[in-house]
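Taken from Swiss-Prot as is:
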- 152-239: domain 'CBM-cenC' (DOMAIN)
- Asn181: N-linked glycosylation site (CARBOHYD)
- Asn362: N-linked glycosylation site (CARBOHYD)
- Asn523: N-linked glycosylation site (CARBOHYD)
- Asn555: N-linked glycosylation site (CARBOHYD)
- 1-33: signal peptide (SIGNAL)
Amino acid sequence: MDMESWKLLRSVCVLSFLLGSCFVYQSLRVVDAQEDPKPAVTLQVDASNGGGRPIPETLFGIFFEEINHAGAGGLWAELVSNRGFEAGGQNTPSNIWPWSIVGDHSSIYVATDRSSCFERNKIALRMDVLCDSKGCPSGGVGVYNPGYWGMNIEEGKKYKVALYVRSTGDIDLSVSLTSSNGSRTLASEKIIASASDVSKWIKKEVLLEAKATDPSARLQLTTTKKGSIWIDQVSAMPVDTHKGHGFRNDLFQMMADIKPRFIRFPGGCFVEGEWLSNAFRWKETVGPWEERPGHFGDVWKYWTDDGLGHFEFFQMAEDIGAAPIWVFNNGISHNDEVETASIMPFVQEALDGIEFARGDANSTWGSVRAKMGRQEPFELKYVAIGNEDCGKTYYRGNYIVFYDAIKKAYPDIKIISNCDGSSHPLDHPADYYDYHIYTSASNLFSMYHQFDRTSRKGPKAFVSEYAVTGKDAGTGSLLASLAEAAFLIGLEKNSDIVEMASYAPLFVNTNDRRWNPDAIVFNSSHLYGTPSYWVQRFFAESSGATLLTSTLKGNSTSLVASAISWKNNGKDYIRIKAVNFGANSENMQVLVTGLDPNVMRVSGSKKTVLTSTNVMDENSFSQPEKVVPHESLLELAEEDMTVVLPPHSFSSFDLLKESAKIRMPISDSSSHQKTTTV
């Protein structure tokens, strides 16, 4: 074969190879296209300037109720339980639980009596030490308090212990933080005083610095000096509470990360009580902590010293940047009611409570606030008259008396009725009506449309309590959270009538689970968020954003989706949120119209997905991040894109927009025209 023939043959072979490769490549592309089915649904989003409406600034917030030891033994950082010995009742001698003795009955005798110097809490503890330095155990005898299922003491941290004491003789009292059985001392200081110094009640304080860590520690008060000592109002607080305001840092931060726009407090059924004698009464929760009598919350069956009181709730709201919504008792409990003709003392109590928050420092109740260290008024624009009381005999009559009195004194305050106005108009005036829903996952998912047909006239809706409960919920399942996410998307779409919404309950101490499920789970030293908590985080940017007009087209009955636009650090985003409630993966086309071409940026766009391998998966102390959102780069951020929604998932897609680049002519001294990009 000559050289020319060889070159020709080689060229033919190369050409054949290239043609064959192209054919194979095209065939593979066809196969890929066939294996990647067309999207089952399309979300059409109108992002033009006129394509949306504002979402209320207040839409998503939180509801704090004293339930599950959410406050006492939780958010409120006080380590001592039953610090004033009042929990056992006013008849003495009384039960001092959870206090107990160090030593035995041959060396120490303790009992309560009514000798306290505080008029509202007369119970004190008398400790008769029967041994002396020779006969007492080396560590002394006395009493200890284990706190709320153990005190979390951390090495290097400081704890302020305060107590009131008196005695008939000299005292030499050791104040110690120890391990749960008292065998190891974590920190200790002495209070030494002469008989003349402690012949009358006197406040003593010590600062303890822990030299070791123990999440199940206890506080001990011990002595080897024979004689009688009276003790009252014992407090142990970490020095490093949030802003020094008494809130446990890690729990406060979990709450703050939701970015709530309001906080409803202090209940709930906690406000009502099983009986009015045990209802939360705000006046008993203000002033110096040692003067607060505390009370037994008979609905949730535990004692609170009320260190977390009326003042602290307003402080919490301010610290978290949320509008306070105060729920007060309207003369009605679960089992007894005050008739309307006799309701005025309760009305005056509500007016006084508003004055405490908003009044001038020279006003009657504003001055009480000022004495607590707060000269400036708190902000208070919302109050709720009762909780879940609409069907009670005297509610409507009582409500009108409260409404008229509050509007006369504070016409700007927005008033929330307990009666549901979503299906029928209210028969009384209100700015908002309260709506509560606890149900199964499938029911709540279907309630995505709950407010679609609600009249836009009259009061706005406040969905102040909602959650999936029952077997679908477990103790905080993925399934429950997905139904809640769909429900919230529905509230977001109906935010022209729904102005506020909050999940319930917020906190649970695992040692006293009175309600199930809850958003944030904790014990003395650890915490985690349930999937329902993480759903709340998806909606943090919705309040005050713009709801974009969107339409979901397709055959799927398991998908719910919406779109908002919002700003962060001066940048514009479109956020697509989608719930796939079904067991199969779904492809969803997202078609955004009304934007300039090529406005989306891949860099800065992201997707966030909440899902797991099993729809009933939960988080736990051993696996706190088993079901949490996972964030990644959104590589195909375009006006027309297809996204994959995993089975049983909640996804958000944040599309970063940038200003369109326009070519503008400019001129210089030359005769040629130049362009610049702006």
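Positions of Cβ are set from backbone N, Cα and C atoms, glycine also.
Where Swiss-Prot records a feature, it is marked here on the structure.
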residue: Asn181; record: N-linked glycosylation site; CB count, 10 Å: 9
residue: Asn362; record: N-linked glycosylation site; CB count, 10 Å: 8
residue: Asn523; record: N-linked glycosylation site; CB count, 10 Å: 19
residue: Asn555; record: N-linked glycosylation site; CB count, 10 Å: 7
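For Asn181 (N-linked glycosylation site), the nearest neighbour among the glycosylation sites Asn362, Asn523, Asn555, judged by Cα separation, is Asn523. The two recorded residues, Asn362 (N-linked glycosylation site) and Asn523 (N-linked glycosylation site), have Cα atoms 42 Å apart. On a Cα basis, Asn523 (N-linked glycosylation site) lies 46 Å away from Asn555 (N-linked glycosylation site).
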